Amino acid sequence: MASHIVGYPRMGPKRELKFALESFWDGKSSADDLQKVSADLRSDIWKQMSAAGIKYIPSNTFSHYDQVLDTTAMLGAVPSRYGFTSGEIGLDVYFSMARGNASVPAMEMTKWFDTNYHYIVPELGPEVKFSYASHKAVNEYKEAKALGVETVPVLVGPVSYLLLSKLAKGVDKSFDLLSLLPKILPVYKEVIAELKAAGASWIQLDEPLFVMDLEGHKLQAFSGAYAELESTLSGLNVLVETYFADIPAEAYKTLTSLKGVTAFGFDLVRGTKTIDLIKSGFPQGKYLFAGVVDGRNIWANDLAASLITLQSLEGVVGKDKLVVSTSCSLLHTAVDLINETKLDAEIKSWLAFAAQKVVEVDALAKALAGQTNESFFTANADALSSRRSSPRVTNESVQKAAAALKGSDHRRTTEVSARLDAQQKKLNLPILPTTTIGSFPQTVELRRVRREYKAKKISEEDYVKAIKEEIKKVVDIQEDLDIDVLVHGEPERNDMVEYFGEQLSGFAFTANGWVQSYGSRCVKPPVIYGDVSRPKPMTVFWSSTAQSMTKRPMKGMLTGPVTILNWSFVRNDQPRHETCYQIALAIKDEVEDLEKGGIGVIQIDEAALREGLPLRKAEHSFYLDWAVHSFRITNCGVQDSTQIHTHMCYSNFNDIIHSIIDMDADVITIENSRSDEKLLSVFREGVKYGAGIGPGVYDIHSPRIPSTDEIADRINKMLAVLEQNILWVNPDCGLKTRKYTEVKPALKAMVDAAKLIRSQLGSAK
C-alpha cells in the first residue's frame with residue numbers, strides 16, 4: 001500500500017530558512033550561503049520522508065518565498081516595473097517582486113484560501129509575455145535524484161494559477177484571465193517535457209480551485225486545459241491534487257473525467273462529503289490519493305478511525321489504487337515535535353507536527369497492507385483515550401456556562417443611537433474624535449525588559465516600574481498631540497493572541513511550533529486543548545494604571561474571541577463555535593471587570609473575523625451567525641454609557657457588511673487607507689450605518705508620513721458618504737511596528753487634519 005505527502009514546511013525545524021533569508025536580505029550573507037542552507041533543508045526533508053517509507057515524496061514544494069510566486073517566475077510573468085527582459089529569473093528580480101526594492105513596490109500579497117498563509121498575487125493581462133524563465137522544478141527533481149530519492153515534482157496547476165491572479169493595473173475589467181490559458185500552456189508543456197526527460201514518472205498538479213463555487217465556464221476551462229496537455233502528459237502518471245474543503249458534485253464530475261490524468265487527491269478531513277461522492281462513483285483504473293491525515297492542525301491522527309475510512313474506500317477503488325496521503329500540504333502545521341522539550345508530557349502525547357504526520361501516513365499505509373505496527377497503534381489509542389478522559393480538557397463549570405447561552409442572542413437592550421447619546425454625555429467628545437488603534441512602537445529596550453522578565457533576570461517590581469514608565473510616555477505623547485481617546489500602548493504584550501492565551505486556562509504554548517505566514521515571517525499559534533476560562537483579570541491592572549495618568553478617556557484593549565480562535569491551533573474534539581463561545585465568556589468576564597475598574601471605553605479587536613469565512617458561500621451564514629454572536633456575548637452585560645469599540649484588519653469586507661452591523665458595536669475602526677473607494681462604496685450604495693465608524697485615514701504599514709492636507713482630503717471624502725456625528729479619525733492599524741520618529745509626525749498630521757475639518761464645519765473644539 002502506497003503513501004504520499006502533498007507538501008512539507010520549508011522553514012526548517014528551527015526556522016533555519018527564515019534566518020538565512022533575512023541575513024541575505026540584510027546583505028550579511030551571500031546568495032551562495034542562502035542556496036547552501038536551502039539545499040541542506042531540502043536534502044533533510046527528502047531523506048526524512050524516504051527513511052519513513054513514503055513512496056510518493058514531493059519535490060518543488062520548497063520555496064524561498066511562495067509557490068505561486070515560483071510559478072510566476074516559471075512562466076516569466078514578471079510585471080514590467082521589475083526590469084526583467086528575458087533569460088532565467090535571478091534572486092534579485094524574484095525578491096523584488098515579493099518585497100519591493102528601493103524604487104518599486106512589491107506585488108500584492110493575499111491569503112491562501114482560508115489559511116493563515118499568504119501568496120504573492122500574479123498581475124496578468126493581454127500584454128504579458130510568457131516564457132520558461134525558471135527551471136526550479138526540474139532542478140530540484142534532479143537534485144533529489146542525485147541524492148538517491150525519487151520524487152513527484154509539484155506544480156501549481158494552470159487553471160488555479162490564472163484564477164488566483166488579478167488583472168494588472170490598467171487592464172480592462174472585462175478581460176477574462178482564463179483567456180490566457182493558450183499562452184501559459186506552452187510553458188507548462190516545456191516544463192513537463194523536461195521533467196519527463198529527466199526521468200520523472202509521476203507529476204502532481206495542484207488545482208485547489210476545484211473546491212470553490214465555480215461557474216460552468218470555469219469548470220470547462222479545466223477540461224480544455226487538460227485536453228490540451230494530454231499528449232505532453234502521456235507516459236507520465238499525473239496526480240491532480242485538491243484540498244481545504246469538500247469538492248462540489250459538479251466539480252467532482254469534471255475533475256474525475258479530465259484527460260491525461262491518472263490520479264485524484266482529496267482532503268478527506270475537511271471534505272467528508274467527498275467520501276460519499278467517491279463511493280457513488282470513481283473512475284475505474286484510476287488512483288485515489290486519500291487525504292486522511294490533517295495537514296492543518298497539530299493533533300495526532302485517530303489511526304483506527306482513519307483505517308476504517310481507508311478500508312471503506314479500498315472496496316471502491318481497489319487495493320492497488322488507494323494511496324494514503326495528507327489532507328493538504330504540511331506547510332500549514334508546525335515542523336517537528338522533537339524540538340518541544342518543555343511542553344507538558346501529557347499534552348505532547350496528543351500532538352503530531354509535520355514530521356510525526358509523515359510517520360502516521362506511513363503507518364496507515366502499512367496497516368492497510370496488513371503490516372500493522374501494533375505498538376504504534378496502541379500508543380496512539382492510549383493517547384486519544386487520555387485526551388478524551390483528561391480532567392484538564394473538561395471543565396464542568398465552563399460547559400454549564402456555555403450550555404446556558406442557548407436561547408439568547410445576547411444583544412444589548414438599548415438601541416445604538418440611545419447608547420451613543422449616553423456615552424457622549426459621559427465622554428463629552430468633539431465631532432470627528434481622534435484615537436489610535438491600540439499599540440505604540442515596541443522599542444529594542446522594551447523588548448529587552450519583557451524578555452529579561454520572562455527569563456527571571458529582573459524582578460517583578462523592576463518590570464512593573466519599566467512598563468509603567470513606558471505607559472506614562474505613551475500617555476504624555478497622546479496628550480501633547482491632543483488626541484481625544486487614549487490608549488496605553490500595550491507595552492506589556494508580545495502578541496495580541498499569545499498575551500491572552502497565556503492567561504486563559506485551556507491553552508498551551510510551544511517553543512518551536514512555528515508556521516510560515518509569508519516570506520520569512522512565521523507565527524507560533526497557541527494550542528487550545530481544553531475548555532477555556534479566565535482564572536483572574538488579565539488587563540485591568542494596566543488599563544486602570546493608564547487611566548489614572550490622564551483625565552481623558554482611556555481605552556481598554558482586548559482581543560476578540562473569533563480572532564483568538566482563528567489564530568490558534570484549535571481542539572478538534574468539539575465544533576469550533578463551541579470553543580469560540582467559551583472564549584467569548586472569558587472575554588465577557590474581562591470586559592465587566594474593566595468597566596468596574598473605571599474604564600468607560602473598551603475595544604474588542606476582531607482583526608481575523610473575516611479570515612475564518614468558509615470557502616463555500618453555502619457555509620457563510622452559519623459561520624457569520626456564531627462569529628457575530630460570540631462578539632455580542634463579550635459585551636452584552638455593560639451599561640449603555642460604556643462605549644464598545646471593535647477593530648477590523650482587512651479591507652475587503654463589503655460582502656459581510658450586514659454581519660458587521662449585526663455585531664452591534666458602538667464604534668468600529670477599519671483598516672481602509674489602501675482601499676478607500678472599496679469601503680466607501682458600501683455606504684454610497686445606501687447601506688444604513690448608525691454607529692460610530694473610523695475608516696483608517698493613513699497606512700501604518702508604510703514608513704511614509706502623510707501630510708495634514710492629504711488626511712483632511714481623506715476625511716472630506718468620508719464625510720461625503722458618512723454623517724459627521726458618527727465619523728472617527730484614526731490610523732488604520734496598531735503602531736507597534738513603526739518607529740516613534742514616524743509615529744509622532746503622522747499622528748500630529750492626523751489631529752491637525754481633524755481640527756481643520758472641525759473648524760470648517762463650524763464646530764471648533
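Note: Cβ is positioned from N, Cα and C throughout, glycine not excepted.
The following features are taken from Swiss-Prot:
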- Lys18, Asn116, Asp495, Tyr518, Arg521, Cys522, Trp567: 5-methyltetrahydropteroyltri-L-glutamate binding site (BINDING)
- Ile437, Gly438, Ser439, Glu490, Asp605: L-homocysteine binding site (BINDING)
- Ile437, Gly438, Ser439, Glu490, Asp605: L-methionine binding site (BINDING)
- His647, Cys649, Glu671, Cys733: Zn(2+) 1 binding site (BINDING)
- His658, Asp662: Zn(2+) 2 binding site (BINDING)
- His701: active site, proton donor (ACT_SITE)
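Sequence features, as recorded in Swiss-Prot, placed on the structure.
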{"residue": "Ile437", "record": "L-homocysteine binding site", "DSSP (3 states)": "coil"}
{"residue": "Glu490", "record": "L-homocysteine binding site", "DSSP (3 states)": "coil"}
{"residue": "Tyr518", "record": "5-methyltetrahydropteroyltri-L-glutamate binding site", "DSSP (3 states)": "strand"}
{"residue": "Asp605", "record": "L-homocysteine binding site", "DSSP (3 states)": "strand"}
{"residue": "Cys649", "record": "Zn(2+) 1 binding site", "DSSP (3 states)": "coil"}
{"residue": "His658", "record": "Zn(2+) 2 binding site", "DSSP (3 states)": "helix"}
{"residue": "Glu671", "record": "Zn(2+) 1 binding site", "DSSP (3 states)": "coil"}
{"residue": "His701", "record": "active site, proton donor", "DSSP (3 states)": "coil"}
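Put simply, His647 is the one of the binding-site residues Lys18, Asp495, His647, Cys733 whose Cα lies nearest to the Cα of Asp605 (L-homocysteine binding site).
Within 8 Å of the Cβ centroid of the L-methionine site, not counting the listed residues Ile437, Gly438, Ser439, Glu490, Asp605, the chain contributes Thr436, Val487, Met496, Met557, Gln603, His647, Gly734, Lys736. Cα distances from Arg521 (5-methyltetrahydropteroyltri-L-glutamate binding site) to the binding-site residues Ile437, His658, Cys733 are smallest for Cys733. In this structure the C-alpha atoms belonging to Glu671 (Zn(2+) 1 binding site) and Ile437 (L-homocysteine binding site) are separated by 10 Å. Look at the binding-site residues Asp495, Glu671 and count other Cβ atoms within 10 Å of each Cβ; Asp495 has the fewest.
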